[in-house]
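What follows is a set of notes on a single structure, which appears directly below.
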């Protein structure tokens, strides 16, 4: 039997398709999402319905976004789900999630994300953080490790800082390749991202936060003083409580934001 065909559908590499088919894992994911009737639920990439079907048994209606035309058509004709689903056929990377927001009913987003686009897709979703209650995603385990990492670890990087800027990050469940058809070449994991009601360390301008993160993690083995010498003087770093001799990979989220806010203020003062 071919290992890239599941329920009569051939997995498409260009869409990064791997279909979940382990009942124990599926049950664990649905339990962690804990979908309830009346909630504003949105699934990205429902695929063949491994998560969609059990969620559909618990709620009256929800929204799905599916890029694969054949899979979207299957859902439109699904005997149990068709009446419950609002189906958007298209690319979640270009989707305006604001259109799904309802008064006093924030979005609860979940999905088995295609690993080839998971990082840029999360950056896209962070733009809507004020409208999102939580997100549960199946991702490459390495990406979940990066999301949850702490300063000074190998996994700590720009994705870590930006994810933790917006969200509380909680790893939920590890998933082996055997839980999928076809099995991916990597281990997977489920993560919960809960956007903060109030950002703990708000940046005055995200462009500066992105800049200090990029500069720092592109030169993570340099000292902070050398890494940022064209942007911030050693004396200013010390005033901000940043040790100029440390490496950027040891900076905390708060320190990255402090540097970004100082750059914002100093550049605006020059105008």
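Every residue, even glycine, has its Cβ placed from backbone N, Cα and C.
Feature annotations, courtesy of Swiss-Prot:
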BINDING   18, 20, 45, 66, 91, 112  S-adenosyl-L-methionine binding site
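Structural mapping of features recorded in Swiss-Prot.
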residue	record	contacts (Cβ under 8 Å, 6+ apart)
20	S-adenosyl-L-methionine binding site	26, 29, 47, 50, 51, 112, 138, 179, 180
45	S-adenosyl-L-methionine binding site	65, 66, 67, 92, 111, 112, 113, 114
91	S-adenosyl-L-methionine binding site	67
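The 10 Å shell around the Cβ of residue 18 (S-adenosyl-L-methionine binding site) contains 25 further Cβ atoms across the protein chains shown. DSSP assigns residue 20 (S-adenosyl-L-methionine binding site) to a strand in the three-state reduction. In the three-state DSSP scheme, residue 112 (S-adenosyl-L-methionine binding site) falls into the strand class. Cβ neighbour count for residue 66 (S-adenosyl-L-methionine binding site) (all protein chains, 10 Å cutoff from its Cβ): 27. Neighbour count (other Cβ atoms within 10 Å of the Cβ, all protein chains): 28 for residue 112 (S-adenosyl-L-methionine binding site). DSSP classifies residue 91 (S-adenosyl-L-methionine binding site) as coil under the three-state reduction.
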